[in-house]
Amino acid sequence: MAAQAPPTDELSKLSVEDADNKPQPDASNGNLNHDEDDSEDDAEDASAPAAGGAKKKKKRKPRKKKKNPTQQSDPPRVLISQLFPDKQYPKGEEVEYLNENSYRTTNEEKRHLDNLKSEFLNDYRHAAEAHRQVRQWAAKNIKPGQSLTDIANGIEDSVRALVGHQGLEEGDALIAGMGFPTGLSINHCAAHYTPNAGNKMILQQDDVMKIDFGVQVNGNIVDSAFTMAFNPRYDPLLEAVKAATNAGIKEAGIDVRLGEIGGVIQEVMESYEVEIDGTTYPVKPIRNLNGHTILPYNIHGGKSVPIVKSNDTTKMEEGDVFAIETFGSTGGGHVIEDGEVSHYAKRTDAPKVDLRLSSAKSLLSVINKNFGTLPWCRRYLDRLGQEKYLLGLNNLVSNGIVEAYPPLVDKKGSYTAQFEHTILIRPTVKEVISRGDDF
C-alpha cells in the first residue's frame, strides 16, 4: 500500500498503543472439509446362519481417515492451515546480506535471536502464503470485461476464506484477514483506489491496473502488489518497475541507508523507456511515493524508503519489516490526491472529541471493534450491514479521528505501474516474505 513522501500521509503515524490488548486467538481456526466420511455402520447378515444356528456377522470395514486437502481449490477456499497441517508455513526467499557485519553477533547468537521470533515468523509466513495463492489465482483469472467490484470481492473473499476468518463477527477481522483494502488503480491512477458501492467501472483491454492488497495474521501484515496489462506495448513499463523493486530489495539490509536505496531504485528505473503510439516515454519514478516500514496493525510505520536518491541517512535495522515498493510512470512522475475517497483509517493520535452526532459515535464503535488501526473501505462497512453512515463518517474525518485517503494520480493520459514485496530484516538473513514463483 503506497506511502506518500514527504510523509504527510497520516498512516505513517499509526502505532499500536497497547500491544498487550492485541487479540490473540489462534488465526488458524475454521474448518473446510472436502472428503465425505466413507465409513459404514455394522451390518448383520440374517440370511446366512453359521453352524450351530449363530448368525454370521460381516467384518467391520476399517474407518477411512479424513485427509487434508493437498491442493488449493479454484477459486481459493481451502484453509492455508489445512494445506499445512503441521502449521509450518513456507519460508520466503532468504537472501544473504551484501556486506554482513560479523562483529554484531556470532552466527549462533543470530540463529538464537531468529528462533525467539518463531511465532512472529510463522504468522508472517501464514499471511504470505495466503497472499501468494490469492494473487496467483487473481492473475490467472482477471480479464478485460470484468467489473472492478467483482475483482475486488473475488480477492477479498479468497483471502478471508484462506485464513479462516470472515470478519463478520465483532473482532474477527482483527485476528486475521485483509491487511488493507484491495487497490485496483488504473492507468494514471497510481494508488488508493478501490470501488465503492455502486461502482460500474469495467476493466478494459488497454488498461494498466495495479493490484495492491494486504493479508494479516495476528496483526502481521504482508503488503505486496503487482501490475497487470493486456497490451504488450506496456511490457517495458512493467519490466522497469519490477526490476527497480528487485534492485531495492537486493540493496536492503542491516545498517543500509534509506537514501542510498532510493538512488539504486532510481538508476534502474530510469534506464528503461516505453513506446506508446509512436512516442517514446522515459520511465520516471513517482518521486513522492515511497516504500515504508510495517508495524503490528500499522501498515505505514515510521520509516520511508524513497524511490529516488535522497539525503536520508536513516538506516535499516535488525528486526525491521519493510514494504519495498516502486512506482513508475510515463507522466510527470508526481502524484496528487484526486477523486472519490474509498480508503480510510482510524488515527491512533486522534483527539478525544465529545461527538454530538449519534451516527458518528456508533460508527466509531464499529471501527474500533472491527478494524482498529487497520485501513478499511466503505465496502467493508456495507458488508457489516452499516447503512446511511456517510454523515457520521464525514464527521469523524472532520474531527480528526479518521483519516481519509483519496486516490493518488499522475497526469491524465499517462500510465503507471507498481511492484511491491514485504521483507523481514532478520538477524541472519533478509527474508523476502511475499516472494513467489510469479514475481
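Every residue, even glycine, has its Cβ placed from backbone N, Cα and C.
According to Swiss-Prot, the residue from ASP212, ASP410 that belongs to the divalent metal cation 1 site alongside ASP223, GLU420 is ASP212. Swiss-Prot annotates ASP223, GLU325, GLU420 as divalent metal cation 2-binding residues; of HIS126, HIS165, HIS188, HIS292, the candidate listed for that same site is HIS292.
Look at the binding-site residues ASP212, ASP223, GLU325, GLU420 and count other Cβ atoms within 10 Å of each Cβ; GLU420 has the fewest. What surrounds the divalent metal cation 1 site, by Cβ distance within 8 Å of the Cβ centroid and not counting ASP212, ASP223, GLU420, is the set MET1, ALA2, GLY183, PHE213, GLY214, SER224, ALA225, ALA323, GLU325, GLN418, HIS421, THR422 from the same chain. Counting Cβ atoms from all protein chains shown, HIS300 (substrate binding site) has 27 others lying within 10 Å of its own Cβ. Proximity note: of the listed binding-site residues (ASP212, HIS292, GLU325, GLU420), HIS292 have a CA within 10 Å of the CA of HIS300 (substrate binding site), given in sequence order.
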